[in-house]
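**Q** Dumping what TrEMBL says about this protein:
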REPEAT    22-56  repeat 'PPR'
REPEAT    57-91  repeat 'PPR'
REPEAT    127-161  repeat 'PPR'
REPEAT    197-232  repeat 'PPR'
REPEAT    233-267  repeat 'PPR'
Amino acid sequence: MLAAVPLTAAEAAMNNIRLKPGIVAYNAAASACEKAGRWEAAEDVKAEMEKVGISPDIVTYSALVSACEKGCRWEQALQLLPAMLWRGLRPNLVAFNGLVSSFEKGQQWEIAWTLLGEVARRELQADAITFNALIAASEKSHQWRLALDSIRKMRNSGLLPDAISFNLACSASGEGGLWSTVLEFLVGMRTSLLAPDGITFMAALRCCERSGGQWEAAMALMSQMLNQALEPGLTVANVLLRGCCGKGRWSESLSLLRLFSSRRLEPDQLSFQAAVDASRRAVRFLPAISILGLAQPDALRRLRTQPLGIR
């Protein structure tokens with residue numbers, strides 16, 4: 001029996017007039033399962049088709065692939081490609097993109113890259129969805145060199161990276177501490193008339209932190225965020241404050257705390273610890289007391305149970 005999932009109006013109409021569903025109705029049911037993220041139910045639809053003597057087609061398998069991708073079931077998705085080929089079906093780019101996305105979510109970068117070769121072998125033209133999934137699979141698996149290679153392959157294919165491509169590339173560059181590469185991508189976004197968003201800036205800031213404390217660059221990035229009306233969150237604040245700590249810039253750390261407080265962003269214990277450490281490195285005890293004075297009552301109560309390291 002088919003699993004209970006919301007069916008389409010077309011299927012409901014067919015049930016009402018008591019017609020035996022054909023492949024169109026079954027594919028609509030498989031698509032309904034896919035949209036609901038019910039990969040097991042989609043498999044049940046295929047099994048029911050085979051039971052009544054209807055062969056699943058490429059539409060059926062594309063829905064199954066997408067259902068597995070949404071359900072984070074890369075192992076099941078892996079079995080679908082040989083099943084399609086065994087039936088003599090020619091997988092299209094939609095099916096391949098679903099497979100690559102499944103392996104991206106499963107952090108199976110090797111299989112994802114193998115599929116890129118399969119796409120080319122079948123004379124299909126990989127698109128931005130294909131390459132973005134490849135970049136994401138490589139970045140999530142800490143294969144930042146491969147992620148950057150995906151960007152190069154994308155451009156060599158005549159495709160323009162979009163905002164998702166640039167954000168993933170910035171994250172991959174940050175993983176490798178490649179600050180100059182992050183700068184190139186930021187310039188590339190501007191050239192492509194794409195506005196960096198919070199994800200872009202966060203990736204760039206993390207790269208500043210990993211590449212030996214590019215403190216001035218990090219402050220410039222924060223200024224750009226504010227100019228674009230993007231509110232820095234607590235994670236951004238703590239990255240900047242850690243940068244101040246590394247450079248012993250107690251004055252700037254105090255200014256940052258005041259700025260974040262004025263924007264109704266409540267620093268946490270990590271924020272205050274970084275600011276106090278910056279003062280301690282600069283041998284400035286009084287600024288450390290001033291920093292504690294910026295703490296809100298709730299924050300101070302937390303600090304009593306988790307005291308700062310003023311030594």
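Don't overthink the numbers, they just go from 1 along the chain as shown.
Yeah, the Cβs are placed from backbone N, Cα and C, and that goes for glycine too.
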**Q** Based on DSSP, tally up the residues of the repeat 'PPR' (57-91) by helix, strand and coil.
**A** 26 helix, 0 strand, 9 coil
**Q** What average pLDDT does the predicted model assign to the repeat 'PPR' (197-232)?
**A** 80
**Q** Please count the residues of the repeat 'PPR' (127-161) that DSSP assigns to helix (H, G, I), strand (E, B) and coil.
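**A** Tallied per class, the repeat 'PPR' (127-161) gives 26 helix, 0 strand, 9 coil.
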**Q** Using DSSP, how many residues in the repeat 'PPR' (22-56) fall into helix, strand and coil?
**A** 26 helix, 0 strand, 9 coil
